[in-house]
Amino acid sequence: MQKLFIVLLLFCILRLDAEVDGRTMSHCNQSECQEKCKKKNKNGRCITEFEMNYVYNRCRCN
């Protein structure tokens, strides 16, 4: 019974993780973002934006 509980718990955790990852539309790499913005003589950072039911991780140059 305890093994069944552990299996169900892991299944729920993995499913939740997949749902969260499935709603992230774009990923931002901080080092790539800084390099991209450095060419424009600006500072770059990754920001998180929410639009509808999706999450966007974008690079923003300031």
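Easy rule for this one: first residue shown is 1, then count along the chain.
Any Cβ shown, glycine's included, is placed from N, Cα and C.
Keep in mind that this is a model prediction, so the values were computed, not measured.
Quick look at what Swiss-Prot lists:
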- Cys28-Cys46: disulfide bond (DISULFID)
- Cys33-Cys59: disulfide bond (DISULFID)
- Cys37-Cys61: disulfide bond (DISULFID)
- 1-18: signal peptide (SIGNAL)
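Using a 10 Å radius centred on the Cβ of Cys61 (disulfide bond) and all shown protein chains, the other Cβ atoms total 15. The Cα atom of Cys37 (disulfide bond) lies nearest to that of Cys59, taking the disulfide-bonded residues Cys28, Cys46, Cys59 as the candidates. A Cα-Cα distance of 5 Å separates Cys59 (disulfide bond) from Cys46 (disulfide bond). When the Cα atoms are compared, Cys61 (disulfide bond) and Cys46 (disulfide bond) turn out to be 9 Å apart. Annotation for Cys28 (disulfide bond): spatial neighbours Cys46, Ile47, Asn57, Arg58, Cys59, criterion Cβ-Cβ under 8 Å with sequence separation of six or more. Sequence-distant contacts of Cys33 (disulfide bond), defined as residues of its own chain at least six apart whose C-beta falls under 8 angstroms from its C-beta, comprise Gly44, Arg45, Cys46, Cys59, Arg60. Reduced to three states, the DSSP call for Cys28 (disulfide bond) is coil.
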